[in-house]
Amino acid sequence: MPQVQPKLRKFFDYLKVRQRLVLCGFALLAIVNAYSIRLCLDFSLSRIARDCNELVAVQLENTPRTWRKAPSANSDKAHGRYAANKVLTAINAFAAKFHPTANSPYAARNAREPKINRRARAGPKEKPARPTRQPRTTRQSRRMAKNAPTPSYPRQKSGMACEPQVYQHSGRKPESITVTNSADIWTKEVQVLITISFYVGYMITHIPGGRLAERYGGKWILGASILSSGILTLLTPTIVRRGGPKSVMLLRMVIGLFEGPTFPAVSAMLAQWVPEKERGRLCSSVLSAGEIGIIFMHLVSGFTIDEQDWAVAFYVVGSGAILWFMGFVVVCYSKPDDSPYIQSSEREYIKSQVCETLETEPGDANEVVPWSNMLLNAPIWALIASNMQHDWNQQEFAKELEQMLLDLEAKGKSYWNELETSVRLMAPHLYSWLASLTSGSFSDYLISEGILNRTQTRRLMSWLVFISVTMYFIHDKESSARPWSILAFGAYYAGIKLLPLDMSPNFAGTLMGITNGLGALPGLVLPVLEKLEEEYAIIGSIRATLWFICAGYISGEVQSYNQLESSANRS
């Protein structure tokens with residue numbers, strides 16, 4: 001690191017690169033990585049289920065030579081395994097053709113006794129045994145049957161794996177065959193549980209991540225968040241193949257735990273680096289980077305369809321996260337004073353243009369978060385409700401791209417054949433990001449020229465969101481309604497999404513953790529919300545009304561709880 005810094009300093013000085021732009025660029029890529037990691041498994045679940053189904057089909061073809069182990073009677077309850085009844089019936093019926101005496105009460109004993117004894121008991125071939133006569137048993141044969149060893153098989157680990165254990169046929173009667181992984185395991189219900197398990201962990205670490213970023217700097221909190229999520233993404237294919245749905249659910253929850261601090265840490269760093277006059281343009285472009293992440297994940301998943309290997313997408317996304325981390329830790333720092341690459345003129349400019357109440361110097365490490373003042377603040381709850389609405393819409397639009405890939409794969413077509421359709425579906429996400437840049441720059445212009453103050457500007461954007469959402473629901477989500485959604489997203493990022501930075505620069509990470517963490521709640525109940533929206537048309541009117549209420553309560557002014565207060569002073 002000491003050898004690299006002088007060279008990078010000369011490079012940045014030669015190009016006259018502004019370090020605040022470099023940090024915003026890496027923050028943008030961090031959010032792109034976060035969305036790609038989040039959506040990677042969502043876009044691949046159907047392909048995983050299909051591959052498991054093909055695996056079962058291959059096993060059906062090889063049933064005369066390979067048999068599965070039979071679990072104990074209570075194994076389903078003891079280990080939480082699923083039973084693929086339809087597949088079992090087909091396999092056992094096929095096995096009965098080769099072992100017609102499989103259900104006979106003498107099959108187990110016949111398998112252990114010598115062949116000559118069976119012939120002697122059956123009698124001559126021309127004189128078959130009477131059907132009503134029971135074979136005579138001796139004391140010795142009963143003792144042999146009682147002391148005969150029970151065939152043992154290696155115990156399968158709990159969880160459903162894409163490559164279940166099989167045992168070679170040795171000529172004896174096969175046990176009841178249990179398929180531990182198939183399309184009956186990766187059902188739609190299981191896929192939904194895997195998807196929402198991410199949000200369980202994601203919501204938990206928002207507030208702790210924001211608080212850690214404020215106290216110790218956002219650099220290492222953000223870096224560790226993306227790096228850990230990237231490594232787990234690389235391990236996902238292995239866990240899917242060896243662990244099954246339960247292990248994948250746990251993995252997704254852990255990824256959510258690591259990814260939760262992303263937005264709070266980014267907000268804490270932006271509060272230190274971005275001047276107030278540039279907040280609309282720079283911060284909106286960073287916080288709206290999730291739209292680019294959705295586009296990137298769709299492209300990666302689309303181009304890997306031809307590879308016939310869904311794991312490629314995980315390797316691409318995970319490797320990208322690790323490469324981002326390597327560049328981020330070398331170039332970026334939590335505060336301008338910590339950066340060895342920033343010029344003194346830019347450092348002084350940032351200090352003079354950030355919020356006057358922002359604590360830029362190392363202060364008391366024991367400052368107390370005014371939780372009660374925050375939670376009783378009406379603009380915060382308006383912000384939470386707005387974030388819920390946004391996340392709901394964003395997940396619905398992402399599912400359109402996912403469904404397009406499923407239809408493409410079902411038709412057996414290449415991604416290149418439907419590239420025009422794909423571009424048409426991706427365009428709104430790109431336009432939403434560009435709209436956030438435009439509306440953010442317009443907001444900065446209104447504030448710097450004194451046309452509107454900060455609160456009026458943010459409310460203007462919120463009213464624009466309300467009008468756009470209302471028009472979107474009036475057109476009943478038809479193709480003509482999509483431009484309204486683009487306008488709504490652009491105004492949202494330039495208005496409502498910036499409020500944590502406006503309301504409390506000192507606690508921007510904590511405030512983003514509260515609002516964005518609770519705003520992710522629709523991810524947990526999205527299937528229920530979608531069903532309600534389909535059955536009851538009034539849901540759209542309720543959502544538009546919530547936007548109207550939120551627009552009237554938000555505030556862009558610095559709140560009273562922004563003032564730092566140490567624990568010593570409070571006591």
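Cβ coordinates are placed from backbone N, Cα and C, and glycine is handled just like the others.
Annotated region 'Disordered' per TrEMBL: 105-174, in sequence order.
For the transmembrane segment (190-208), the list of distant contacts is 38, 41-42, 45-46, 49, 245, 248-250, 252-261, 263-264, 510, 512-514, 516-518, 520-521, 523-527: same-chain residues at least six beyond its ends, Cβ to Cβ under 8 Å. The transmembrane segment feature in TrEMBL is assigned to 190-208 (among others).
What TrEMBL records for 220-240 (among others) is transmembrane segment.
As annotated by TrEMBL, transmembrane segment applies to 252-274 (among others).
According to TrEMBL, the transmembrane segment annotation covers 286-305 (among others).
Residues or ranges marked as transmembrane segment in TrEMBL: 311-333 (among others). For the transmembrane segment (311-333), the list of distant contacts is 1, 4, 8, 22-23, 26, 29-30, 33, 36-37, 40-41, 43-44, 217, 219, 222-223, 226-227, 229-234, 236-237, 269, 297, 300-301, 304, 339, 341: same-chain residues at least six beyond its ends, Cβ to Cβ under 8 Å.
Positions annotated as transmembrane segment by TrEMBL: 460-475 (among others).
Taken from TrEMBL, the feature transmembrane segment applies to 507-529 (among others).
Sequence-distant neighbours of the transmembrane segment (536-554) (same chain, 6+ residues past either end, Cβ-Cβ under 8 Å): 378-379, 381-383, 385-386, 389, 392, 455, 458-459, 462-463, 465-466, 469-470, 473, 495-496, 499. Residues or ranges marked as transmembrane segment in TrEMBL: 536-554 (among others).
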Among the ranges 220-240, 252-274, 286-305, the one whose Cβ pairs under 8 Å to the transmembrane segment (507-529) are most numerous: 252-274
Cβ-Cβ under 8 Å with the transmembrane segment (220-240): same-chain residues at least 6 beyond its ends: 27, 30, 33-34, 37, 40-41, 48, 162, 209, 212-213, 247-248, 251, 254-255, 258-262, 265-266, 268-269, 310-311, 314-315, 317-322, 324-325, 328-329
